[in-house]
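Straight from TrEMBL, the features:
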ACT_SITE  A:HIS462  active site, proton acceptor
BINDING   A:LYS60, A:GLY124, A:ASP324  FAD binding site
BINDING   A:GLY282  NAD(+) binding site
DISULFID  A:CYS51-A:CYS56  disulfide bond
DOMAIN    A:5-340  domain 'FAD/NAD(P)-binding'
DOMAIN    A:360-471  domain 'Pyridine nucleotide-disulphide oxidoreductase dimerisation'
Amino acid sequence: GKNDYDLLVIGGGSGGLACAKEAAQFGRKVAVLDYVEPSPQGTKWGLGGTCVNVGCIPKKLMHQAALLGSALKDAQHYGWNIAQPVHHTWSVMAQAVQNYVKSLNWGHRVQLQDKKVKYFNMKGSFSDPHTIRGLTKAGKETIITAENIVIATGGRPKYPTHIAGALKYGITSDDLFWLKESPGKTLTPFVFNVSLECAGFLTGIGLDTTVMMRSIPLRGFDQQMASLVTEHMESYGTKFLKLCFPTKVEKLESSRLQVTWKNTELGTEESDSFDTVMWAVGRAPETETLNLERAGVKTNPETGKIIVDASEATSVPHIYAVGDITEGRPELTPTAVAAGKLLAQRLFGQASELMDYENVPTTVFTPLEYGCVGLSEEMAVQCYGADNIEVYHAYYKPLEFTVAERDATQCYMKMVCLREREQRILGLHFIGPNAGEVIQGFALGIKCGATYPQLMKTVGIHPTCAEEITKLHITKRSGLDATVTGC
Amino acid sequence: SVQAHKEDTPQKLLEMNGHTPEPHSYDYDLIVIGGGSGGLAAAKEAAKYEKKVMVLDFVTPTPLGNSWGLGGTCVNVGCIPKKLMHQAALLGQALQDSRKFGWQFTEEVKHSWMTMTESVQNYIGSLNWGYRVALREKKVTYENAYGEFVGPHTVKATNKRGVEKLYTAERFLIATGERPRYLDIPGDKEYCISSDDLFSLPYCPGKTLVVGASYVALECAGFLAGLGLDVTVMVRSILLRGFDQDIANKIGEYMEEHGISFIREFVPIKVEQIEEGTPGRLKVIAKSTKGNEIIEGEYNTVLLAIGRDACTRKIGLDKVGVKINEKTGKIPVNDEEQTNVPYIYAVGDILQDKLELTPVAIQAGRLLVQRLYAGATTKCDYVNVPTTVFTPLEYGACGYSEESAVEKFGEENIEVYHSHFWPLEWTVPSRDNNKCYAKIICNIQDNERVIGFHVLGPNAGEVTQGFAAAIKCGMTKEQLDSTIGIHPVCAEV
């Protein structure tokens with residue numbers, strides 16, 4: 001018989017909603033299933049996915065709260081008389097952030113309604129390639145059939161279940177943003193950008209925060225930049241336990257948590273007590289409960305992620321996947337949104353444009369932000385050989401730091417170019433305030449195939465931090481001092 | 001160098017050396033008149049190629065007696081102190097926001113003008129010092145003296161104490177920049193201040209009237225209001241002439257909504273002193289541009305920001321035959337920054353039909369020197385130069401304004417894409433929904449190439465810089481669409 005819907009999207013996050021709304025524009029019958037399985041600590045949230053509820057949005061807002069703390073200190077130097085000491089109240093911030101997120105949940109529901117997309121607050125799983133079984137919280141079942149299905153269920157934080165007490169006593173980013181009370185003295189073991197960002201803003205609002213790392217920070221990112229970021233965090237006040245990994249978590253009578261860890265450098269075992277332990281050991285794709293085998297959709301056995309081709313199609317022709325759940329794609333909101341939109345345009349709008357995953361810019365919102373696009377230096381060396389690339393770099397001082405007497409030691413940028421005549425830019429890396437704003441436009445330039453000479457022809461805007469990029473001229477190869485001096 | 005006493009005339013000197021002195025008998029390869037952004041960049045670059053360079057820099061005191069050190073407008077009374085005071089104002093706003101983000105401190109927060117100005121001046125002092133050291137290290141001769149041409153290849157340098165010296169050079173670079181214009185009404189020079197005085201004012205300006213609608217006027221009015229002062233802007237006709245008017249009006253609206261009063265279509269005709277003081281009290285009488293209406297107002301400070309005039313009238317250009325635009329005072333140059341006199345060049349704000357921006361002056365100065373002494377051929381590219389106006393709501397732009405695009409290409413051949421946006425950081429403190437704005441203007445006939453970029457919002461300068469680079473690479477709308485945004489930032493819009 002006829003399918004209920006032209007398109008059924010499982011997962012109402014960044015990718016899923018973008019795809020659904022775009023498809024509805026073409027007059028198609030579209031439905032979205034969204035369901036949030038509560039975290040082990042019991043946290044749950046509304047429509048919108050990770051980004052809106054427990055990712056980018058609350059993270060950036062809390063990062064902003066921390067930045068405002070720095071601004072309060074700077075302000076004194078600029079003539080503002082603020083009586084010391086200054087306090088931060090977690091609950092005021094958390095309430096404000098949570099209220100805003102809830103307004104976004106509401107906004108998404110209204111949008112779906114406006115665009116006539118049917119929304120089911122249900123957990124979906126495959127019965128067969130065209131049939132989805134939706135289950136409400138109360139256990140009520142609905143069967144839905146669709147011509148095309150898009151899986152966009154995203155991921156959830158992993159727990160290191162091999163560590164005693166990890167699951168029982170620890171929280172993850174799923175819980176952090178919804179805490180009603182301050183997390184207090186916090187430990188974040190392992191160093192993905194999420195944990196660094198969270199540790200950063202927790203420090204910024206005045207909490208005693210420790211990051212524990214077994215090996216390198218920000219795996220996959222340019223390592224020189226990663227160490228500058230963590231160096232800054234150390235001078236900012238975040239504690240680092242390097243070359244350590246936790247072995248167990250126990251609850252004390254005081255209801256604090258006792259964490260024991262192994263120091264691989266000294267070969268010793270240490271412990272300390274914390275109010276909160278926030279795990280950030282990576283995210284696992286939400287595919288287990290989908291019953292993918294019923295539909296015949298293949299996943300990568302190692303990662304659990306869904307394998308897709310360049311058109312976002314899975315091993316089953318009419319079943320697609322976008323976002324964090326797909327194998328080999330960046331785990332970023334804007335790529336999921338773009339992929340979702342383009343997919344809808346190809347399915348229903350007679351478009352043929354495929355998603356371009358090359359040169360996707362991103363930013364890590366640590367206290368001193370790090371924005372980048374393109375290849376890391378190590379990757380460029382690996383792809384082209386050290387002799388065939390040129391790295392231009394500079395240490396600079398944002399003008400606003402001068403009067404504020406702020407340390408700019410880690411304010412740094414570098415551009416990785418091909419050495420051959422044209423000098424095409426392979427990668428751009430920037431650490432400093434507003435790194436995201438700085439990098440965005442340059443990412444565009446790189447998409448246009450920008451070369452080093454073209455960038456040098458671009459006149460700078462004065463006074464900004466971004467203009468320093470157009471002035472890069474000291475190479476690493478030269479060995480000269482890369483500190484920028486005056487106008 | 002050739003020293004001459006006051007009695008000696010340039011004529012005698014030339015007779016001594018002969019009418020056309022041999023190249024090897026010049027004192028210097030290059031004399032730069034004006035130690036600002038353009039002049040210093042050129043001087044330092046020339047020294048790299050082992051040329052004998054001299055910089056003459058002198059600041060004629062303002063009518064109120066104010067003066068400053070080496071570095072020119074940008075460093076002393078322009079971009080640098082402006083951006084720092086703008087930052088002070090932004091921090092005031094940040095203080096308010098921070099309460100919504102959970103920060104708690106006393107309700108009453110006051111701003112101390114003296115603390116801010118002292119910090120700013122200290123920083124500028126360090127820059128002046130830095131430049132002197134840099135010139136010394138690069139072996140560029142620097143004299144704090146007023147330079148003017150007295151004959152072919154010859155300048156007279158007069159220092160503060162009136163001591164005169166003569167110097168000759170193979171080539172000259174004029175980079176004397178500009179100074180604020182006065183209204184030419186009773187009381188203007190005696191009682192009004194300009195941007196030349198504002199940044200080092202030794203007392204809080206208090207209730208201020210800003211006369212003018214240039215970016216200088218709006219930026220100053222903006223940060224003064226942000227610091228808590230009562231500010232009024234008196235505008236003769238339109239805001240930000242030469243900029244995209246749609247955006248200019250949005251900027252004006254935003255400022256009005258944030259407590260700045262605007263008096264439109266009036267010009268001051270007289271300024272009187274009611275009471276002396278720091279600040280004193282001034283009475284301003286203004287006349288309507290549209291009729292005979294006269295209004296009066298009382299202010300502590302009147303800041304004139306009605307434009308700037310090139311410093312070209314009193315540097316002896318007539319003695320060497322350098323042509324200037326008699327009306328504007330600006331110097332026309334060819335695309336190699338050469339004046340009508342082959343061995344005399346000019347860069348920076350004094351150039352006719354060129355942008356008055358620090359980075360442009362620096363770029364032009366450097367490239368000129370590279371062409372003169374390093375065999376380079378690259379000319380300064382004045383097209384698609386990005387700029388930013390640091391008003392309370394910042395405005396970054398690159399390329400055509402909407403009106404100039406329509407004029408050049410015709411309305412049917414351009415497409416304007418636009419969007420309002422709400423920076424994430426403004427949501428929690430419930431600030432100004434739907435005020436920030438971005439638009440791009442595309443040329444339909446040229447593959448929808450982006451020919452104009454405009455953004456109104458926080459950190460507009462940081463946002464615009466990269467897009468300017470992309471425009472230089474010829475970016476099209478399609479390329480813009482296919483570039484992934486960084487989330488969540490304003491620039492992704």
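Including glycine, each Cβ sits where the backbone N, Cα and C put it.
Bear in mind that TrEMBL entries carry predicted annotations, made automatically and left uncurated.
Sequence features annotated in TrEMBL and their locations in the structure.
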{"residue": "A:CYS51", "record": "disulfide bond", "DSSP class": "helix"}
{"residue": "A:CYS56", "record": "disulfide bond", "DSSP class": "helix"}
{"residue": "A:GLY124", "record": "FAD binding site", "DSSP class": "strand"}
{"residue": "A:GLY282", "record": "NAD(+) binding site", "DSSP class": "coil"}
{"residue": "A:ASP324", "record": "FAD binding site", "DSSP class": "helix"}
{"residue": "A:HIS462", "record": "active site, proton acceptor", "DSSP class": "coil"}
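Each of the binding-site residues A:LYS60, A:GLY124, A:GLY282, A:ASP324 was checked for a CB under 8 angstroms from a CB of chain B; the ones meeting this are A:LYS60. Each residue contributes its Cα atom, and for A:LYS60 (FAD binding site) and A:CYS51 (disulfide bond) those atoms are 10 Å apart. Taking every pair among A:LYS60, A:GLY124, A:ASP324, the residues listed as contacting FAD, the largest Cα to Cα separation comes to 30 Å. Note on proximity: among A:CYS51, A:CYS56, A:GLY282, A:HIS462, the recorded positions of the record, the Cα nearest A:GLY124 (FAD binding site) is that of A:CYS51. Taking A:CYS51, A:CYS56, A:GLY282, A:ASP324 as the recorded positions under consideration, the smallest Cα distance to A:HIS462 (active site, proton acceptor) is found for A:CYS56. Neighbour counts of Cβ atoms within 10 Å were compared across the disulfide-bonded residues A:CYS51, A:CYS56; the minimum falls on A:CYS56. Per-residue confidence over the domain 'Pyridine nucleotide-disulphide oxidoreductase dimerisation' (A:360-471) averages out at a pLDDT of 93. The 10 Å shell around the Cβ of A:LYS60 (FAD binding site) contains 22 further Cβ atoms across the protein chains shown. A simple Cβ count within 10 Å picks out one of the binding-site residues A:GLY124, A:GLY282 as the most packed, and that one is A:GLY124. Within 10 Å of its Cβ, the residue among the recorded positions A:ASP324, A:HIS462 with the fewest other Cβ atoms is A:HIS462. Between the alpha carbons (Cα) of A:CYS51 (disulfide bond) and A:ASP324 (FAD binding site) lies a span of roughly 11 Å.
Rounded to a whole number, the distance between the Cα atoms of A:ASP324 (FAD binding site) and A:CYS56 (disulfide bond) is 14 Å.
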